[in-house]
Number of protein chains: 2
Amino acid sequence: MSETAETRGPVTRRRRTTITSTKQTKRQDAREKPSPCSAKEKAADKVQKHANNNGNVEKEMGKSTQQCHNLQESLLSSASGYSNYRGILNWCVVMLVLSNARLFLENIIKYGILVDPIQVVSLFLKDPYSWPAACLIIVSNVFILAALYIERRLAVGTISETTGLILHLFNLTSLLIFPSASILTVTSITPVGGVLSLGTYTVLFLKLYSYMDSNKWCREIRHAKAKRMTRSYSCPIVAQSNGSAANTNVSYPGNLTHRDMYYFIFAPTLCYQLNFPRSPRIRKRFLIRRLFEMLFLMQLLVGLIQQTPFPLSSLILPLAASSQVPNHLIWLIFFYWFFHSSLNFVAELLQFGDREFYRDWWNSETVTYFWANWNIPVHKWCLRHFYKPMLRKGVNKFLAQTAVFLASAFFHEYLVSVPLKMFRLWAFMGMMAQVPLALFVSRFLNGNYGNAAVWISLIIGQPIAVLMYVHDYYVIHYGRKTEAALI
Amino acid sequence: MSETAETRGPVTRRRRTTITSTKQTKRQDAREKPSPCSAKEKAADKVQKHANNNGNVEKEMGKSTQQCHNLQESLLSSASGYSNYRGILNWCVVMLVLSNARLFLENIIKYGILVDPIQVVSLFLKDPYSWPAACLIIVSNVFILAALYIERRLAVGTISETTGLILHLFNLTSLLIFPSASILTVTSITPVGGVLSLGTYTVLFLKLYSYMDSNKWCREIRHAKAKRMTRSYSCPIVAQSNGSAANTNVSYPGNLTHRDMYYFIFAPTLCYQLNFPRSPRIRKRFLIRRLFEMLFLMQLLVGLIQQTPFPLSSLILPLAASSQVPNHLIWLIFFYWFFHSSLNFVAELLQFGDREFYRDWWNSETVTYFWANWNIPVHKWCLRHFYKPMLRKGVNKFLAQTAVFLASAFFHEYLVSVPLKMFRLWAFMGMMAQVPLALFVSRFLNGNYGNAAVWISLIIGQPIAVLMYVHDYYVIHYGRKTEAALI
């Protein structure tokens, strides 16, 4: 029951543009193929102008009857087609900060601005004089250089394509087996150190596979071009465009340098290409803001993880999971920390241009859309190096999709089971359970109901999988101790 | 680290439209005046086509080099201009439901599906055999009919304009004084009953004022038309349009019926006009959904209010307020319950077409924008019957705005102080404190920071005002009792 007079300049303008754009979107949806200057629209404009003229006539007549109501829907009704809820996102952030203010204050009083250093270090190291995880990560350079030297040999033709492929596959297989074998045998590696080094190796595996594939494509193009050039000395456009581009861009064999290789290794992408798009300059304010976010959210994450209660005694897992809202918040904050703050920070430092690390998965109305849009680097890799090559080889579409899901489930299991030294298949089953869930949601739910179903599966499904592992881990490591203590 | 293969049909299409619309909006913002078929755009299209052709040439050359990265920003970066966060709204709803699931279950087990009837009834009645608030609301019909009969006399001209105005003003003044006098003298009225009946009378005051004003404008137009008709028998367009519209629409004196009056009284608007826009039919599914929301949210609200702890002993009010997040949630749920569910329900029943009961205040970046957009019926009334007439009379713009704020502050105080029988001026001061706050926010903050400031003022400001009244009310009513008990 409160109000004020007319809004001021900038605000009014903003609202108007918002509503215009909404209308435009709706119109576009209705027509499907937007042609900017159709006859219908012009007619509509004329009608509107006519209406305005009528309005003027009425105004001239004296005070108008002031017809102040229009036929329209409320914004929150789904029929209105309105979708600008940026403010709700801000509300979530404000609420998160305010409701955790007490926690923040306590944490800062206890540990200071930085993260509790001893507890964090103890996650990585058992013995402060041996750094097994760090050593493992440093050793990975061997595999990177091996891939580079194989490619150099292939480029000059001293080894055949088949030999190169065998060498590459040997390199990639050992890239997966070596770290897992080390983690399983070296007892001084902690679970967190194990996850970190194994994650690094997995990322490296995907990157080097992409490197191999892309360079092979480059050789094929060079080969095709050479053939065409032999047949006839035509095709001047391509040659010219290559010539003009050569000033700034490198072409195939010129990319096989240490500098190019390590730029790709550190760049926030899994797909190799020649001449990545580069941003014009390093924006210092952007960099500092991302760095601040990284540090602040790191603090928040560690604080939340340390304080999350795991209801180990409760056997009714779904109910326990529904009270595991903090678990979901940790995942959301981790998502923002990793995919927005950290990857953007690295990209800004390296002037890497493509910042699409995620798409609008929060609006996803099907499970498939969620999996295809929350992690764009991995999704892009799967599409480019796994799914499309399979389709080109004539594999059935559904089979290819299932294969991608299987591979993804394998890597999930690999990343969780090896560091924890428990083979439980919960992660594998969790991933494979997505397939029937996706079918169910896409059949029976759509629109906002589908979106709510995706959110519920995220809020409830993830904590269950995490709880399974935590439960088993505690039973194995602390259950025995308590048993021993009892005896 | 999980992904799936290409998205399926409908999802891909949806995403594409989303991103197209975003781009369109941005382009529109940049140009400010959107002309759908400018030369620049055509040129851009040509360039793009050319680029596509180049792409085809490359594809024909064999496998392309697959340049899979583009120069682009992350969606959450403010530079991307992306604003579709419908999913976040759904997330909030899901989180609200899940985190209150325990509360819901307990409430349903305790009270059943319906609201605890005895406690709710006891809010309205002290003595179940006397219904003072209901009687007060029934008596209000006298004022409605008085306004209608005054207008009928004015229409036929048996009383002069001045006499009519005096009679109307007398009617309106007694409409404000009579209920407050009754509430202050009749001791059997509870605070909740008092707020309800006083709210009804205030709404009625605004409606009847609008009725008086609109009918006066109608008479002025009739007068002007008659004058023009006497001067020359021209102006056929207006006559014709009136003639064709007369089949369905009523014109001035024909609207002074009981049916029209009571439609306006029950319609969810405060501004009278002849021939409200009507929706074509009553959508039964829409109606049932709104009804379900009304009942469910009513249950939720009562449950939340009953369980909200008021930290009466704490003297550090701001800190107590920051822990008063439930208070803010109650306000948000009340907003949705009243402005979306209830008003839409009533509008659907009455086939009232204009459903704009609120605009996108959640995106408001200034305090002014918030006050102008969260309560559209009152805002529209103020603009039409208070602010614009003042401007027409030559009042300064800033003075008119302050007057609107003062009137609004007066009604806030009136609605709170009279039923509680405490005159503390907290609500009045709370409203007037918005003026310096608005100046501060619009000067120093903009964009998402301004939005966050508005949210913080809502989250912290409101609970403080509510706490003030609750604190004083408890001190007056229960403080004495405890003192008496101690003696």
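Cβ from N, Cα, C; glycine included.
Since we're looking at a predicted model, the values are computed, not measured.
TrEMBL lists B:1-48 with the feature region 'Disordered'.
Marked as compositional bias 'Basic and acidic residues' by TrEMBL: B:26-48.
If you look up TrEMBL, you'll see B:88-109 (among others) marked as transmembrane segment.
What TrEMBL lists as transmembrane segment is B:129-150 (among others).
Taken from TrEMBL, the feature transmembrane segment applies to B:162-183 (among others).
Residues annotated as transmembrane segment in TrEMBL: B:189-209 (among others).
TrEMBL lists B:291-309 (among others) with the feature transmembrane segment.
Long-range neighbours of the transmembrane segment (B:329-350) within the same chain, counting only residues 6 or more positions beyond its ends whose Cβ lies under 8 Å from a Cβ of the stretch, are 96, 263, 266-268, 279, 282-283, 286-287, 290-291, 293-294, 297-298, 300-301, 304-305, 308, 357-358, 374-375, 458, 462. Annotation comment: TrEMBL describes B:329-350 (among others) as transmembrane segment.
The transmembrane segment annotation in TrEMBL covers B:398-417 (among others). For the transmembrane segment (B:398-417), the residues of the chain that approach it from at least six positions outside its boundaries are 176, 180, 195, 198-199, 202, 378, 382, 386-387, 390-391, 423-428, 430-432, 434-435, 469, judged by C-beta separation under 8 angstroms.
Marked as active site by TrEMBL: B:His412. Taking the Cβ of B:His412 (active site) as reference, residues of its chain lying under 8 Å away and at least six apart in sequence are, in sequence order, B:Ala427, B:Phe428, B:Gly430, B:Met431. According to DSSP, B:His412 (active site) sits within a helical segment.
Among the features that TrEMBL reports, transmembrane segment is placed at B:423-445 (among others). If you look at the transmembrane segment (B:423-445), the same-chain residues 6 or more away from its ends with a CB under 8 A from one of its CBs are 365-368, 371, 402, 405-406, 408-410, 412-413, 415-417, 453-454, 457, 461, 464-465, 468-469, 472.
For B:452-470 (among others), the entry in TrEMBL reads transmembrane segment.
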